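Here is what TrEMBL says about this protein:
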- A:21-37: transmembrane segment (TRANSMEM)
- A:57-78: transmembrane segment (TRANSMEM)
- A:98-117: transmembrane segment (TRANSMEM)
- A:144-161: transmembrane segment (TRANSMEM)
- A:173-191: transmembrane segment (TRANSMEM)
- A:197-214: transmembrane segment (TRANSMEM)
Amino acid sequence: MKKFKSCLYWEGRTKYERLRFLFLALICANLLLWIMPESWCRYADDTFFPAVMLLSLFYSLSALVMMFYPTLSLVSGYGEFYRDMERLTGVPVWQRHAAKLAVNLAVTGVLFVLVKIGENVMTKFAGETHSYFRMQLDLPAPEMILAVSVLFPVLYIWAYLVLYQRNGNRHGVLAWVIAALLFNMFHFAGIDMIWRIVIRTLICVPFFISAGRMEKRLDI
Amino acid sequence: MTAADDILQDRGTLLTMRQANKWLDGRKIINMADLTIKKGRIIGVVGDNGYGKTVLLKMMAGLMEQDSGEIVRYTKEISFVLSGRSFYPWMRVMDALKYYRDFYDDFDINRAQQLIGESALEPDRKIRLLSTGQQERLCLILALARNSRLYLMDEPLNGIDPPFKKDFKKFLLANLPEDASVVMATHLLKELEYLFDEVLFVTGYGIRQMETEEIREKYHQSVEDYYMEVVRCEKV
Amino acid sequence: MGFNTEQPIYLQIGMDIKEQIVSRKLAPGEKLRSVREYSVLYEVSPLTVQRAMQYLESEGIIYSQKGVGNFIKADVMDGLEGSMLDEQIHGFIVHLRKCGLSDEDIIGRILKEMKNSGEEVLRDDSGR
């Protein structure tokens, strides 16, 4: 348990170091736009249109990071020099994965809140004819956050390792496609969100275990 | 472990390999390796540049598994000396110490800090910005501050700036725990030869374990000469 | 200290310590440095140093007190100086013979040099 806490700490620290500028930028932008009076925003929309577009782009990119980074961060360590340092600790693979997923969840939650606030403040620039950055979500927020940070990454790393095991190459795109297919295989019509979450999580458990076993066996 | 293994452990054996084989990228890198690592020995691993030496060390550390054959470790206290690149890019010297403290129960962080101070390393400095010699010294300190029985080093003097190269032997010997063994891969036999009690010659045809004194006494050659003239030409 | 490949390292270390005793750098009864200190000093493995200690013990030059360390025997000089001097003289004679001197020549030149350095020897004695 003590070692798992350490995994959480170091994984959290790693993600923080990688994302802190993004967090800072989001907080600053949100703060700035929040205190800006609406009249200024209208003026900016008319005269400094490119600048407003840039802001919108910034929020869009942040949303992209939120969607993609948790999944990709699960395999970004493979082939890096610090893998030796991680593996020599002797901590079981599943603990390392679980720590990564837990941090993913926290990071995605924070990013979601920040981007959502951004979406709100950007409406100040919206006119009758146009509006700016809006998050389009297929799923309700909690389910989306869990799916993006935990469930989809599990399927992705499983697919990635299966492909790696077959011919030693890293097929990121193909793994993504496979994971997406797996994720969308089950259609839930008329089921409450909480049950959808439970079912999806349960489905991911065998993939999680299998991925851990594969990573241990491969020299990766 | 068998009854024979128990006897070996009592006699101070730390690790054995029996007929271990390893293939990488279709090539046989480790061929029928038979070796014994006893306590209190400093052992050099010598071989042509290729990755046989690194693979052998990683197999001993448990970072790689053999394809066939057997590796028996009689102790869990095995310390693999990292290289300067082995850390997260954002880590500072103090972070590395904390990492070791968090994951290794036998790590003495106070001792490590003392050695850091003696080596004039700044705890707040980013590891990536240190010189190669300083990085290697950090990795050595991290490993030696663990009270281990076996230390594995992969070409520790590679590309190190001269002041640290000169000090390497003294620093290692001054801080090596008693009865601990060292297995060190190197191609700098000339400078390190007198440090080694034994050598492991790693060739494509197998692994030969010999005592350095035996080479000097029997063949009246330095280990380096023996390697260049005899081992490299052999096709056993 | 530079090592050669003619003799085992532990032997060369043992000889070096013998040399230090003969040249009065180490005194009879004195405690030797620890195995670790010697290994750092000579830059050799602790095992080699231990072998050197075993060699010196077998030669009757040192004795080991468990838990405390290695000590030079008090009566070490009896015989040690003699045996080392014998080795030195032997090497010297062999060298001069190689230079082409006959035994008579050797003795003659030694006596000649003794006369020349006679006063120096006396001065050394009174200085001690």
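Please read every residue number as a count from 1 along the shown chain.
Each Cβ is built from the backbone N, Cα and C atoms, and glycine gets one as well.
Fair warning: this is a prediction, and the values are worked out from it, not measured in the lab.
The stretch in closest packing with the transmembrane segment (A:98-117), judged by the count of Cβ pairs under 8 Å and taken from A:21-37, A:57-78, A:173-191, A:197-214, is A:57-78. Count of Cβ pairs under 8 Å against the transmembrane segment (A:197-214): among A:57-78, A:144-161, A:173-191, the largest is for A:144-161. Within the chain carrying the transmembrane segment (A:173-191), a Cβ under 8 angstroms from the stretch's Cβ atoms is held by residues 71, 147, 151-152, 155-156, 158-160, 162-163, 199-200, 203, 207, all 6 or more beyond its ends.
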